[in-house]
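My questions will all concern the structure given below.
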Amino acid sequence: MATSTTGSTLLQPLSNAVRLPVDQVNFVVCQLFALLAAIWFRTYLHSSKTSPFIRHVVATLLGLYLALFCFGWYALHFVIQSGISYYLMIIIGVENMHNPMMIITQKITSLAFEIHDGMFRKNEDLTPSQRCLAVRRMPSLLEYLSYNCNFMGILAGPLCSYKDYITFIEGRSYQLQQSEANGKEDTKYEQTDPSPNIAVAQKLLICGLSLLFHMTITKTLPVEYNIDENFRATASWPVRVFYLYLSLMAARPKYYFAWTLADAINNAAGFGFRGYDKNGVTRWDLISNLRIQQIESSTSFKMFLDNWNIQTALWLKRVCYERATFSPTIQTFILSAIWHGVYPGYYLTFLTGVLMTLAARAIRNNIRHYFVESPAVKLCYDIITWMTTQVAISYTVVPFVLLSVKPSFTFYSSCYFCLHIASILVLLVFPLKRTQKGNKQHESIQPVWSKKLEEENLLQKNSYSTTNNSFSQKEEITCRYQALKQ
């Protein structure tokens, strides 16, 4: 399959054999090479055997080589973008960098805010998570390039905080903070590094199944068929809704493949360790980007978003939602659309997402408490909300896949903009804030699920990682422990 690419055409014969564009073949092959390189990196360039300087240099050079192979001279974008941003941080000062230019990449904006929090804001003005992630010294150029261009994440991420990455490079990521069952703090230091082999093998299995699904079933369920004139004219409403769900569900495995493979590469290099669960089993999900089981079983719009593209959601929360002075939900969705690109479909999806999120929040706050007292009633409620959520998600993201305005409006108009109208009616009828009865119900069940919430916050705050050398181990442990309580 001959396609235009600025990257290497060395794998063109393989591209023709598997009938995939050469740029996609380059991406997959480079990621598999990065997986092998990650194993070599962890084995032969372990932090106990070599210096952080060497690890930075190797990670950066390998990353730039993979970018060059995939994108050709376009790979200069990585170097130029990082170099200009670093120059501005040094010459102009980080306190002057909060402008639209900084929305180019997640890593640059994240680090800009982390440096701003650590060097230009008072400690008492920071939230617990901001305090833990704050960077209190200017990175060197090598550290900065290594963070932005390392081979483990240059092609598909995932995003990680600067301090977690530096902690990994310097070999301090296995110092754990654990809390005993009685609530007392117990700090333990592992003498040997935990092995990521089982976690990597499991994620590679998921990659294989996702790729198989994408290569076989996804092609038989194109999203574009939702706007086919004959299908719209002849299919009944239940059939159209069912196909809508199936086609968008079938579109997700390619993301499962790419993000899970990226996670496995980082794990293979020794990056991504988050500690041990209560049974002593290692957890390698510090920078995981999705939770497939929770995505497919989501019973609310928020639950889906919290488990899909997790690191991007955390980035949006840290750089926008927590810092917005008004309408944080709307601002966050707009930023997400801008970050994704210029296609109109992205903006239609995220503007629709604002309506869906606010409407779902209003319904949950006002009526959910009526259905949680009886297990049987709650089961029925969960089934109904699962069906509603899956249809709403599918309805919302159709423009994201179709990209253009005309086909997107063709789809929405064929549905009479039904969920848009329904969302607006919900917002007119129900208040966004929880009702008094809902508040009492919420308070009564708080002790039951508070431990689960703390565990979730543990993931979101990257709570098992350590910080830079300016913090002592005791200070860092206290900081991370307090972040759990936020």
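In case you wondered, yes, glycine gets a Cβ from its N, Cα and C as well.
Where the annotation comes from TrEMBL, it is an automatic prediction and has not been curated.
Because the structure is a prediction, the values reported are computed rather than measured.
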Given 80-97, 152-169, 242-259, which one carries TrEMBL's transmembrane segment label?
80-97
Which residues, given as numbers and ranges, are at least 6 beyond the ends of the transmembrane segment (345-363) yet have a Cβ under 8 Å from it?
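Beyond its ends, the transmembrane segment (345-363) has Cβ neighbours at 300-302, 305, 329-330, 333-334, 336-337, 389, 392, 395-405, 408, 419-420, 422-424, 426-427, 430-432.
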I need to check the long-range neighbours of the transmembrane segment (53-74): which residues 6 or more away from its ends have a CB within less than 8 Å of a CB in the stretch?
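Cβ under 8 Å, 6 or more out: 5-8, 23, 26-27, 30, 33-34, 37, 41, 45, 47, 142-143, 145-146, 149-155, 169.
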